[in-house]
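S.K.: Okay, here's the structure, questions in a sec.
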Amino acid sequence: MARSIVVLGAQWGDEGKGKIVDWLTSRAQYVVRYQGGHNAGHTIVVDQQKITLHLIPSGILHNHVTAVIANGVVLSPFSLIKEMKMLLKLGVSTCKRIFISASCPLLLPYHVAMDLARENHHISKAIGTTGCGIGPSYEDKVARRALRVSDLYNLKYFKNKLKDVVDYYNFQLVYYYKTKPINYQIVLEEVMSISDILIDMVVDVPELLDDAAKRGDSVIFEGAQGSLLDIDHGTYPYVTSSHTIAGSVSVGAGVGLNYIDYVLGIVKAYSTRVGFGPFPTELSNDTGNWLCMNGNEFGSTTGRRRRTGWFDAVSVRYSVKINSFFSCCLTKIDVLDGLKELKICIAYRKKNGKVIHNFPCSLEELENCVPIYEILPGWMISTVGITEFHQLPKESQLYVKRIEELIGVPIHIVSTGSDRSAIIILRNPFDS
């Protein structure tokens, strides 16, 4: 029986991971974020109430679950406190239920200022980031100048290091980007006002998770963004600044490879992408607009409209390879209700006419690929809220089975709506 389950997106993010993590954690004791930051936007709908979490793991909505933010996450302390207050207003207790790693790099206002300055300065070369400061924060980590949660234990050291880092950023912000400098004193005072809260939440994450395994507790690792946005394996440079694939769990949470029992890929029934970058199956027509509006495809972090397109089996098959998914969950199939026909991309045609079935690693090559489609019949019957596979329209069942064949792994879960109860379980990962 699976005890440790990794849940991550197989596309460009926004696949519906939050709902599935929320569902899985009904049988788990711990839920762990291991990469990314508050650029994530994981939405759960409980009793028609929409709750969006950016930093705190989605499983926190279950009172028996302990939420952990591990070392691979760049931690915005202000976003964390804001989210905790939001949960308290909703009646969700966070006391002694949220823990953080002392090794988390702190994401502070100068990271946000730099992120926005770069995007505005190089508009023609913009990546389309969320503007949350994620990239600059990871840069500091790699350059070994990041302030970490552990630095808060030594106030004198923290003050001196913060001054050096603020000076470093202000030189660039003022003299290169021609924008306003960051006020060191304000940043210091803001961090100091919540430092005791952060220190009280610190735990030895590898030790905590090791003890959990010894007790036989179940742990859900919640990925952010999607596999095609991985800094190494995604559509570089139009990617996020962290590793989003399954292998990053070990580094980002401090657990060995043998700790992981199961990897579940989350796949949307069509494709979406936020920001810039190649998108072979993108639809810039009425169908694309219909998918956007019917699927409410607007970013939960930025509010930006998502680009939409047909399901791309080539890219998802690539995600299956680099993650070794045990199975997949197909989400938002209900969004396709009412379409007379559906298309699935089964291959790409290159500029020279050659047909390829593998996802290109070259950005230029991918940008010049044209999708080759297989057409399937749509369905006119609503699938919203269906909980048994045999109750789905036959055309819908065919669509699920065809995707399963094309991506090479079984689909064990199908989501049929935004509510946590709108779900079809063909095989529970915990029972695998």
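Numbers here mean position along the shown chain, with the first residue as 1.
Cβ atoms here come from the backbone N, Cα and C positions, even for glycine.
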S.K.: Determine which of R3, R97, R118, R304 appears in Swiss-Prot for the same IMP site as D14, E15, G16, K17, N39, A40, G41, H42, T130, R144, Q225, T240.
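M.R.: When Swiss-Prot describes the IMP site, the candidate it includes is R304.
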S.K.: Indicate the candidate from T43, T130, T416 with the smallest number of other Cβ atoms within 10 Å of its Cβ, considering only these binding-site residues.
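M.R.: If we count Cβ atoms within 10 Å for the binding-site residues T43, T130, T416, the smallest count is at T43.
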S.K.: Among the binding-site residues listed here (R304, R305, R306), which has the Cα closest to the Cα of I333 (GTP binding site)?
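M.R.: Answer for the nearest of the binding-site residues: R306.
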S.K.: Using D14 (Mg(2+) binding site) as the reference point, find which of the binding-site residues N39, T43, T130, T416 has the shortest Cα-to-Cα distance to it.
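M.R.: When the Cα distances are compared, T43 comes out closest.
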S.K.: Cα within 10 Å of G13 (GTP binding site) is the criterion; apply it to the binding-site residues N39, T130, G303, R304 and give the hits in sequence order.
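M.R.: The binding-site residues passing the 10 Å Cα test: none.
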S.K.: Near R304 (IMP binding site), which recorded positions out of G16, K19, G41, H42, T43, T416 have their CA within 10 Å?
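M.R.: Matched recorded positions: none.
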